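Student: Just passing along the structure, written as structure tokens.
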Amino acid sequence: MYHLTKSLYLLATSKEEYSVLLLGLDNAGKTTLLEKIKELYLANPPRPRTTPIPPTVGQNVSTIPFPTLYLKLWDIGGQHTLRALWREYYASCHAIVFVVDSTDVPRIEEVKATLEEVVKDEGTEGVPVLVLANKQDRDESLEITALKDVIMPVLVKLGARDSRVLPISALEGLGVKEAVEWLKLRVMWNKESRPPNMR
Ligand SMILES: Nc1nc2c(ncn2[C@@H]2O[C@H](COP(=O)(O)OP(=O)(O)OP(=O)(O)O)[C@@H](O)[C@H]2O)c(=O)[nH]1
Ligand SMILES: [Mg+2]
């Protein structure tokens with residue numbers, strides 16, 4: 001009886017947890033985005049940092065609670081040598097956020113090739129992909145339409161898979177809530193193909 005009651009209690013109180021990978025080249029703004037999401041959604045966010053964010057070597061993980069689900073965000077280092085590690089995370093993820101530095105025009109072909117490798121990988125099959133055109137607060141950032149011209153041909157290759165390109169400024173928070181709302185909906189819509197963990 002105790003075990004049955006405990007199981008029922010756990011069933012009633014547990015929530016679905018979805019893992020979201022934050023990928024993108026080094027300096028794209030992944031860690032800045034993670035910090036902004038924590039600031040916007042955590043009841044007790046960490047104190048604003050007073051020093052610049054160092055490049056991520058490895059990963060930062062944060063779980064954001066919402067009334068009906070948890071989003072577990074994995075911010076993974078984007079330096080060239082670290083990108084080979086991304087594949088290790090594909091099998092257990094429910095969505096991918098690919099962050100682009102919209103001011104980094106000289107590396108736009110590298111962005112395209114890297115995104116292509118991610119979406120082509122069999123480990124990401126069926127996973128919703130959100131591309132974030134970051135640093136829109138900067139004057140020299142590429143217009144969202146120009147960025148879409150580069151990115152959309154890659155996303156079209158996804159076929160029926162859910163994908164979107166959104167403009168954001170991770171630093172200022174512009175577009176961040178819209179991005180999070182998109183993610184929450186898409187992971188739930190896709191849950192038959194990628195079931196959540198219960199927590
Ligand atoms: N102006 C502006 N700067 C940004 C924005 N987002 C990030 N940055 C800056 O871009 C630089 C790199 O940001 P990070 O968040 O460390 O980039 P990252 O993608 O985590 O980089 P790696 O950890 O090396 O993969 C930092 O100087 C940030 O302050 C933005 O929206 N606007
Ligand atoms: Mg980082």
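Counting starts with 1 at the first residue shown.
Using the three backbone atoms N, Cα and C, a Cβ is placed for every residue, glycine included.
According to TrEMBL:
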type	residues	note
BINDING	Gly24, Leu25, Asp26, Asn27, Ala28, Gly29, Lys30, Thr31, Gly78, Asn134, Lys135, Gln136, Asp137	GTP binding site
BINDING	Thr31, Thr56	Mg(2+) binding site
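Mind mapping these onto the model and telling me what they sit next to?
Tutor: Secondary structure from DSSP puts Ala28 (GTP binding site) in coil.
Close to Thr56 (Mg(2+) binding site) in the fold, though at least 6 residues off in sequence, lie Lys30, Thr31, Asp75, Ile76, Gly77, Gly78, each with a CB less than 8 Å from its CB.
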Student: Please name the residue among the binding-site residues Gly24, Gly78 whose C-beta has the most neighbouring C-beta atoms within 10 angstroms.
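Tutor: Ranked by Cβ atoms within 10 Å, first place goes to Gly24.
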